[in-house]
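Asker: Here it is, the structure in full.
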């Protein structure tokens, strides 16, 4: 019904508009009709007068005057008719112009109506958007109030925690002062002990030299073990990731070093055997004193598990490699990181060598062995192997580097020219894990590695011949993760995934 009323009003408005446009021409048409009738009437009278004139030979003066009047009237009518014709032509032209203007106005009106419809749709959408925005604003306001409440509560907790922190800092200062006092006392006692040792050494030096047995001067050469002599559980936590002999070669439990939050991956002794370090899965490298088993410092800076760490440069530095694809150099004196290398691959093992070639060597997940010079940020050389490199071992003379890879082989590399000298393999040998160790004997005669089936394989370093496979009474199919050769070359100690240690002699 609403649409029909709209159509009727539109038609009526259009008719009224047409009437207004045509009203100005209606008088012209009416005048034209009147003049046309008058003209026809005068024309008929004129024709009758002419006929009467022809019917009489001579007409009277009254008829002549009447004819002249009629002719004058006729001339006026012709003039008026011509004027009306011209007016009619002008009116038609004006009407055409007005019709064109009307068509243009109608076209503009249609466009405007379409635009109005589009604007109405946009207005509806805008109204919806405004409503949604208001609803969102209300939700955000409610959320703001809730967050403000939470913030106030957290701020109160923060203020309380800050007060507790200040109290703890004060207590820590007191403890530090006490520790400094104890350290001073310890240093004094150490100095006194050193003086006593020096005094006793001087007394011993003043004594006459004892006679030496010539057999005592004989050097014990490397030898291959024949069987497992001692077997025991190392710890209660599981895997034995690394083992290491003290230079004196004695086998006795002296102490337990604690402080790491997760498993230890690698251990190392400094040249003076005063400190021991351990890389850990808790993203840190820790250092303990050997004499008093005290935790000295922790080097934190890696963002993932620290796979390996070694003392470097006579024990003044530590080099560490991590799963975060970085190698870091730490200054022990200042307890800070002095340099970070970015090899671009996960580090599986790290070793150092101060004698030949690059001082730092790293093993990587991308099957590469990288050699680093501390003066450069990029590796000075990169050697590609056929599998992930799990372990590195440097010979005693520093000339050779042994690498264990996941392709079930060991490779011996010359540190002077970075070339592969020998490759060691066996039919039953299987690399135990991504962190399984390999070792070189102290005399440089043999190389050894643990297998995934619990066997220990020993090869001749020069001939690459498999000399011995140790398995009887040993690890019983538990993967051997760690190995260490006795300093005298007379035996091997190995650790497996089931917390067992075996001493082979």
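We count from 1, first residue shown onward.
Backbone N, Cα and C atoms are what each Cβ position is placed from, and that goes for glycine too.
Below, the features straight out of TrEMBL:
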| type | residues | note |
| --- | --- | --- |
| COILED | 88-178 | coiled coil |
| DOMAIN | 11-184 | domain 'Autophagy-related protein 16' |
| REPEAT | 257-298 | repeat 'WD' |
| REPEAT | 299-340 | repeat 'WD' |
| REPEAT | 441-469 | repeat 'WD' |
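Can you walk me through where each of these features ends up in the structure?
Answerer: Per-residue pLDDT, averaged over the coiled coil (88-178), rounds to 90.
Residue counts for the repeat 'WD' (257-298) by DSSP state, with H, G and I taken as helix and E and B as strand, are 0 helix, 22 strand, 20 coil.
Sorting each residue of the repeat 'WD' (299-340) by its DSSP state yields 0 helix, 25 strand, 17 coil.
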Asker: With helix taken as DSSP H, G or I, strand as E or B and everything else coil, how many residues of the repeat 'WD' (441-469) land in each class?
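Answerer: Here the numbers are 0 helix, 15 strand, 14 coil.
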